[in-house]
Amino acid sequence: MGNKKGKKKQEVKKQKEKNQKIEEMMQREQNNLESEIMLLVLGTGDSGKSTFVKQAQLLYKNGFSEKECDRFKKAIRKNLIIHMKLLIRGSYDFGLELKRSNERRARKFLDIDDRSGLSEKTIISIKKLWKDSTLKEVFEKRVNLQIPDTADYFLDSLERIAEENYSPTNQDIINCRIPTTGINELQFQVSGYPWRIVDVGGQRSERRKWIHHFKHATIVLFVVAISEYDQYLFEDQNINRMFESLELFHNIAKKGTFVKTDFILIFNKMDLFKKKIKKSTPKICFKDYKGGHHASEAKKFITRKFLKVGKSKKRKVYPMYTSATNNLTIQNTFDKIINTVADNLM
């Protein structure tokens, strides 16, 4: 009987010790979260979130590893084939004719496996097709063809990319589009403080997985592609991209998880926006827009739309404007973000 009581006491003691260790571990984890500055990067697919994070890696982590460079190299070469196929199909959609010498070449190119790599024959085909003025016209009209804005950058660099000893430059990596699936994290130090940027998949299928996991975020960076007021979703060609972005921002801003969290609204792709506003206006998305083709009016109008849905007495929303593929612009943006976060923590 005495042995049983003694054994029971030992088990209770062990359980108490175990519980205490768990509590200590949880407290340490909580302290880490509180001392770490977490920037949660949210936004719709193709808004430039991942480009933003890649720029942070260049600025604060000394660039990319050999393994990462190899992954981008494969993606860049694969994307060259994909982009050319999109351009060819776009010419058919627009009812535009290629040069007679390229008609058969284009049809055959559509049969190439995206993963087959850049054979000599494929390189020649891409080179000749990209010289066709019709495909250049398709690229200019690409608004709803899901062709990345940087496709011409890579097509113009074909010979360099096709070289046997090719290694992606930093600018190649910044311009390379690989959709974010799941969660990507980047940890670094700024002025002795630990920072963590968390980038979450922006496609519709990814969003519902993450919203409640980041209640400890110091600040939320919501990225808006300000140039996409006349474009439609990859997943649903009936839904305007900017309207989707505005709706997502509204839903996130009103969630209990972030109701007291400050937001930085990153209006990205300002370079493309300034070019596009000369041809089309936000009236495509917002029927109450009356600013015409004036970039400053359109910029203010779109900013007000987002600030209105994010407005709250419990937090602040800071608008910023940038072009994530521009190294100088993005450096200035990060400086502003760091200063904003530092001011908030004081």
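Backbone N, Cα and C atoms are what each Cβ position is placed from, and that goes for glycine too.
What TrEMBL lists as Mg(2+) binding site is S50, T180. Secondary structure at S50 (Mg(2+) binding site), taken from DSSP and collapsed to helix, strand or coil, is helix. If you take the C-beta of S50 (Mg(2+) binding site) and look for same-chain residues 6 or more apart in sequence within under 8 angstroms, you find I178, T180, N184, D199.
DSSP assigns G201 (GTP binding site) to coil in the three-state reduction, placing it in neither a helix nor a strand. Here TrEMBL flags D199, V200, G201, G202, Q203, N268, K269, M270, D271, A324 as GTP binding site.
Annotation comment: TrEMBL describes 1-11 as compositional bias 'Basic residues'.
Annotation source TrEMBL lists region 'Disordered' at 1-20.
The Cβ of K269 (GTP binding site) lies under 8 Å from the Cβ of G48, D149, A225, I226, S227, E228, S323, A324, each of which sits 6+ residues away along the same chain.
Local packing around the Cβ, expressed as the count of other Cβ atoms within 10 angstroms, is greatest for D199 among the binding-site residues D199, D271. Cβ neighbours within 10 Å of G201 (GTP binding site), excluding its own Cβ and spanning all shown chains: 19. Reduced to three states, the DSSP call for K269 (GTP binding site) is coil.
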